[in-house]
Amino acid sequence: MGAPALLWPSLLLPWLTVLFGQPPGTLAQTQVCSVNQTIFRVEENTTVSEPLVNIFVPDGLHVTLGPLSTPYAFRIEGKDLFLNVTPDYEENSLLQADVECKRGDAVVVRLEVFVAVLDINDNAPKFSFEIKTFNVSEDTKVNTTVIPETQLKATDADINDILVYTLQEVTPNASKFFSLEGVNYPALKLDQTLDYFKNQNMTFMLLARDTWEENVEPSHTATATLVLNTLPADLRTPWFLPCSFTDGYVCIHAQYSAVVPTGHKLPSPLIMSPGPIYAVDGDQAINQSIIYSIIAGNTDGTFIINAHDGNLTMTKSIPSPMKFTLLIRADQEDMAQYSVTQAIVEARSVTGNPLQFSQSLYYGTVVLGSEAGTAVKDKTFPSEILRIQAQYPGFPDLNSAVTYRVTNSSEFMMNKDIMLTAVPMEEARTIRVEVEASNTVTKDTATAVVEIQVSERERTPTPPEAGGTTGPSSNTTMEAPLTSGTSQRPATTSSGGSVGPFPPGGTTLRPPTPASSIPGGSPTLGTSTSPQTTTPGGDSAQTPKPGTSHPTAPTSRTSTSLMTTSSRSDSTQTPKPGTSQPMVPIPGASTSSQPATPSGSSPQTPKPGTSQSTATGPISLPSTGAGEQGDGQRFSTVDMAVLGGVLGALLLLALICLVILVHKHYRHRLACCSGKASEPQPSGYDNLTFLPDHKAKWSPTPNRKPEPSPKLAQPPLRPPSPMSSSPTPPSSTPPSPQPKASGSPKTVQAGDSPSAVRSILTKERRPEGEGGYKAVWFGKDIGAEADVVVLNEPTADVDSASASGSEGSDDDDPDQKKTLRFGVDADNTYI
């Protein structure tokens with residue numbers, strides 16, 4: 001054991017000599033370069049101005065940077081190692097300094113210093129696009145990934161950053177259709193079925209953030225725009241138009257019908273109802289072409305349909321009445337979708353439905369001097385072309401085979417249903433032309449007469465001034481025709497015999513006779529008038545309704561029309577109140593007068609607040625409107641408002657004065673009716689005269705004997721009874737005192753008849769010492785409205801016969817008691 005242990009030192013010595021180049025004794029004595037730290041950590045973007053490390057360099061040695069050092073990253077100043085650059089993790093995450101310790105040119109020792117660059121969040125994420133457009137089909141299934149993550153992913157130079165994605169809608173409600181599959185996985189998926197008609201395109205904003213939360217620092221965000229276009233899908237079948245019902249998604253197809261004559265083959269396509277056979281692609285954005293075909297019901301191949309336009313034509317005639325139910329199919333050109341509907345064609349006999357014109361006599365007009373080829377205008381409606389048409393009632397298909405020609409004149413020719421001049425019209429006259437209509441299928445013919453008036457063009461009235469009184473305005477003028485027939489455009493007349501027909505808007509009728517001056521006044525400068533007349537026994541013109549305006553003052557150099565009425569009523573009706581009736585003509589305008597009718601009935605005077613215009617035959621309806629102040633008005637709206645305020649104040653003062661006068665003259669009656677009548681009747685008394693508070697204050701007079709004739713005496717303390725032989729209504733002044741007759745009440749003798757006046761006496765006598773009965777006399781000739789005066793008068797003596805005769809007369813009539821009580825309480829007041 002001891003011998004091997006002694007051999008180890010002798011064996012290790014040569015190896016140490018080779019490794020260190022010198023014996024172990026000299027290693028302990030030699031010093032080399034050294035550093036106290038070889039690895040450093042520095043955050044990126046940090047500038048280090050202090051030396052990283054101090055190098056220990058023994059005497060006789062020096063240090064330099066070796067070739068293995070990071071270029072330009074370090075420098076050595078003396079014995080200090082400095083960082084020469086600002087580190088950037090994205091450029092170089094590890095910096096190396098190779099320090100060589102040399103003795104002369106020989107390297108004694110090599111030192112390595114490392115700088116690890118720490119990453120910080122200093123870079124924002126980036127998308128590979130700013131705006132990207134994607135197309136999504138309308139029939140894409142829900143939860144399908146429409147855009148993969150690789151096309152939407154953003155990148156960040158900060159390798160350790162985790163990006164968070166957010167999808168924000170720009171188009172309202174777009175977020176209901178699309179969403180991201182995850183906050184860190186930006187794949188786009190479909191959440192709801194698309195509708196091309198509602199959302200043809202949607203826009204989103206895609207955000208990528210390099211922090212989980214938004215409010216931390218530092219935090220960076222990148223944005224990009226996504227545009228999603230919805231592509232239409234072939235989801236709907238062809239639609240036969242017009243749809244009976246449609247909401248844009250579903251169409252209830254139209255069903256067609258037609259009527260054809262038996263025994264005839266129509267050369268042109270059938271006229272279908274409600275319209276021609278026509279189908280469109282239900283997906284309007286795709287709009288595939290449609291191909292038509294008949295799949296059933298075409299007995300004996302009677303009909304054929306055009307595959308491209310759907311026109312249905314006959315291949316042969318139908319011998320007898322029958323009905324065809326054709327099934328029409330419409331296919332898309334790509335044969336992906338189709339629809340079916342039915343067309344019912346009924347064959348009827350044309351017998352009993354001859355070819356005929358709408359009227360036997362037409363009225364046309366041509367302007368004098370018209371060139372050849374000028375269309376004849378309708379005389380009733382001169383702004384419209386006269387159309388002469390012959391038809392088969394109930395067979396519209398036969399009408400297309402009708403041709404027209406002029407049979408008796410070379411001055412006119414027919415272009416379909418329009419008559420044209422063949423030569424210039426150089427003479428004013430009236431021409432009657434015969435037109436023949438013939439059907440090329442049935443060979444039927446019909447004739448009609450056209451009366452054409454060649455006349456000069458009438459001057460068009462100037463339109464009314466803006467804001468002024470609105471008058472009849474027109475673009476063309478015409479005379480009032482008296483036609484026996486009707487034109488193509490029906491002219492309506494009211495049942496009451498009112499004028500008609502009415503021309504359309506834009507025409508005005510002008511009277512054929514010159515206007516006369518205004519009756520009862522001097523004519524205004526530049527004005528003319530037109531009389532408004534009625535025929536014998538004439539019908540009445542219609543009454544203007546309240547609130548309407550019937551102006552009689554058109555603008556300059558125009559004349560109002562005559563209004564002639566037919567015969568059924570007795571007088572023209574009076575315009576109702578509430579409408580304005582301007583009767584002052586504007587200079588250069590015309591007014592109208594209203595003479596009495598020949599039948600003795602006269603037009604009534606228009607009521608205040610109405611205005612009325614006149615016209616002949618077919619009249620144009622004048623337009624009304626709230627006019628502003630025109631050139632011919634004298635006062636502005638402000639002036640009229642001030643005038644209205646002044647008139648209102650005057651009316652208020654007049655009402656106040658009237659109330660004062662009524663109160664002054666009738667207050668005693670008002671006080672009687674309102675104050676006395678409402679007082680409660682006292683209980684326990686038949687007559688208010690015997691109440692203690694209202695007892696008479698006079699002294700009793702001695703009884704006197706009756707005298708044959710009354711004599712004048714001193715006026716009594718209380719007024720005597722005003723009754724006389726002839727009752728008279730009361731006056732506003734109190735009755736004058738009358739001389740009192742001696743004796744019983746002989747003062748009331750009316751008409752010298754005992755039945756003219758009757759006496760009503762009460763049972764009760766006055767207290768002893770006052771004497772007398774209480775009596776009231778009523779005349780039979782006094783009406784209910786006459787006033788009665790109740791007089792309490794003391795008498796000296798009363799005849800026993802009068803007292804006994806009136807004993808019980810007052811008991812049986814309580815109404816009379818009430819009358820007596822009221823009269824006594826009023827004290828000589830008329831009741």
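Keep in mind that glycine also has a Cβ here, set from the backbone N, Cα and C atoms.
Listed in Swiss-Prot:
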DOMAIN    53-125  domain 'Cadherin 1'
DOMAIN    252-357  domain 'Cadherin 3'
CARBOHYD  ASN36  N-linked glycosylation site
CARBOHYD  ASN45  N-linked glycosylation site
CARBOHYD  ASN84  N-linked glycosylation site
CARBOHYD  ASN135  N-linked glycosylation site
CARBOHYD  ASN143  N-linked glycosylation site
CARBOHYD  ASN173  N-linked glycosylation site
CARBOHYD  ASN201  N-linked glycosylation site
CARBOHYD  ASN287  N-linked glycosylation site
CARBOHYD  ASN311  N-linked glycosylation site
CARBOHYD  ASN408  N-linked glycosylation site
CARBOHYD  ASN475  N-linked glycosylation site
MOD_RES   THR728  phosphothreonine
MOD_RES   THR795  phosphothreonine
REPEAT    541-571  repeat '1'
REPEAT    572-602  repeat '2'
REPEAT    605-614  repeat '3'
SIGNAL    1-28  signal peptide
TOPO_DOM  29-641  topological domain 'Extracellular'
Starting from ASN135 (N-linked glycosylation site), work out which of the glycosylation sites listed here (ASN36, ASN45, ASN84, ASN201, ASN287, ASN311) have their Cα within 10 Å, and give them in sequence order.
ASN201
Validating a neighbour-count step here. Other CB atoms within 10 A of the CB of ASN287 (N-linked glycosylation site): how many?
12
ASN135 (N-linked glycosylation site) has how many other Cβ neighbours within 10 Å of its own Cβ?
11
Count, for each of the glycosylation sites ASN45, ASN143, ASN201, ASN311, the other C-beta atoms lying within 10 angstroms of its own C-beta, and report the residue with the smallest count.
ASN143
Determine the minimum-neighbour residue: among ASN84, ASN173, listed as glycosylation sites, which Cβ has the fewest other Cβ atoms within 10 angstroms?
ASN173
When the domain 'Cadherin 3' (252-357) is classified with DSSP, how many of its residues are helical, how many are strand and how many are coil?
3 helix, 48 strand, 55 coil
For the domain 'Cadherin 1' (53-125), residues assigned helix / strand / coil by DSSP:
0 helix, 38 strand, 35 coil
Most crowded position, judged by CB atoms within 10 A, among ASN36, ASN408 as glycosylation sites:
ASN408
At the level of the C-alpha atoms, what whole-angstrom distance separates ASN311 (N-linked glycosylation site) and ASN84 (N-linked glycosylation site)?
92
Spatially closest candidate among ASN36, ASN45, ASN84, ASN408, the listed glycosylation sites, to ASN201 (N-linked glycosylation site) (Cα to Cα):
ASN45
Report, in whole Å, the straight Cα-to-Cα distance of ASN287 (N-linked glycosylation site) from ASN173 (N-linked glycosylation site).
28
Expressed to the nearest Å, what is the distance separating ASN408 (N-linked glycosylation site) and ASN143 (N-linked glycosylation site) at their Cα atoms?
81
Which of the glycosylation sites ASN36, ASN84, ASN143 has its Cα nearest to the Cα of ASN287 (N-linked glycosylation site)?
ASN143
Whole-number answer please: how many Å between the C-alpha atoms of ASN45 (N-linked glycosylation site) and ASN84 (N-linked glycosylation site)?
13
Residue pair ASN84 (N-linked glycosylation site), ASN36 (N-linked glycosylation site) - Cα distance, angstrom, rounded:
20
Looking only at the repeat '3' (605-614), report the model's average pLDDT.
39
